[in-house]
Amino acid sequence: MEGGGQRPAPAAPPGQPQGERLQLLLRRSREAKNCAYCPYSRFPVGAALLTAGGEIFSGCNVENACYSLGVCAERTAIQKAISEGHTSFRAMAITSDMGDSFIVPCGACRQVMREFGTDWDIYLTKADGTYIVKRLEELLPLSFGPEDLKKV
């Protein structure tokens with residue numbers, strides 16, 4: 001696609017990403033981190049989102065001199081997927097340059113992720129490539145989602 005657009009990845013096997021598929025998701029998050037625009041924080045973050053249909057959408061953080069107008073990598077990846085018609089997700093990998101800690105999504109990103117369910121995996125990485133995996137429901141327990149609006 002023009003301008004470095006998304007490349008559809010081969011269809012994923014049923015269940016969560018494993019083996020080469022997982023390595024691709026992790027690699028795409030690292031590649032996205034390299035595109036981060038973060039002149040103020042100097043804290044690049046990349047994310048790669050695996051849709052239920054097997055496509056991967058990546059995103060990076062994009063800062064702004066008006067700080068509140070910046071957007072996180074996780075929300076960038078989600079917005080790109082949504083803009084291409086995807087609303088069901090299996091997993092997301094998040095990458096940064098944090099050395100001793102695993103990168104975790106901010107509260108706003110967790111809530112945006114929650115909009116699309118709680119039953120998907122989030123791969124949190126360190127700069128050395130090691131990772132842990134958490135379910136979204138672990139990162140945002142007792143969450144509020146679209147189904148709660150129907151309880152009124």
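Cβ coordinates are placed from backbone N, Cα and C, and glycine is handled just like the others.
Lifted from TrEMBL, the feature list:
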- 20-147: domain 'CMP/dCMP-type deaminase' (DOMAIN)
- Asn61, Val62, Glu63, Asn64, Ala65, Cys66, Tyr67: substrate binding site (BINDING)
- Cys72, Cys106, Cys109: Zn(2+) binding site (BINDING)
- Glu74: active site, proton donor (ACT_SITE)
Seminar exercise, completed: Most isolated by CB count within 10 A, of the binding-site residues Val62, Cys66, Cys106, is Cys66
Problem set entry | Helix-strand-coil residue split for the domain 'CMP/dCMP-type deaminase' (20-147), DSSP-based | 42 helix, 33 strand, 53 coil
Seminar exercise, completed: For Cys72 (Zn(2+) binding site), the closest of the binding-site residues by C-alpha position, picking from Glu63, Asn64, Ala65, Cys66, is Glu63
For this session: Whole-number Å only: compute the distance from the Cα of Glu74 (active site, proton donor) to the Cα of Cys66 (substrate binding site).
Result: 20
For this session: Give me the Cα-Cα distance between Tyr67 (substrate binding site) and Cys106 (Zn(2+) binding site), rounded to a whole Å.
Result: 15
For this session: Measure from the CA atom of Cys106 (Zn(2+) binding site) to the CA atom of Cys66 (substrate binding site) and give the result in Å, rounded to a whole number.
Result: 19
Exercise. Given the binding-site residues Ala65, Cys72, Cys109, which one is most crowded in terms of C-beta atoms within 10 angstroms?
Worked result: Cys109
For this session: Using all protein chains in view, find how many other C-beta atoms are within 10 Å of the C-beta of Asn64 (substrate binding site).
Result: 12
Exercise. From the Cα of Cys109 (Zn(2+) binding site) across to the Cα of Asn61 (substrate binding site), what is the distance in angstrom?
Worked result: 12
Seminar exercise, completed: The answer, for which of the recorded positions Glu63, Glu74 has its Cβ ringed by the most other Cβ atoms inside 10 Å, is Glu74
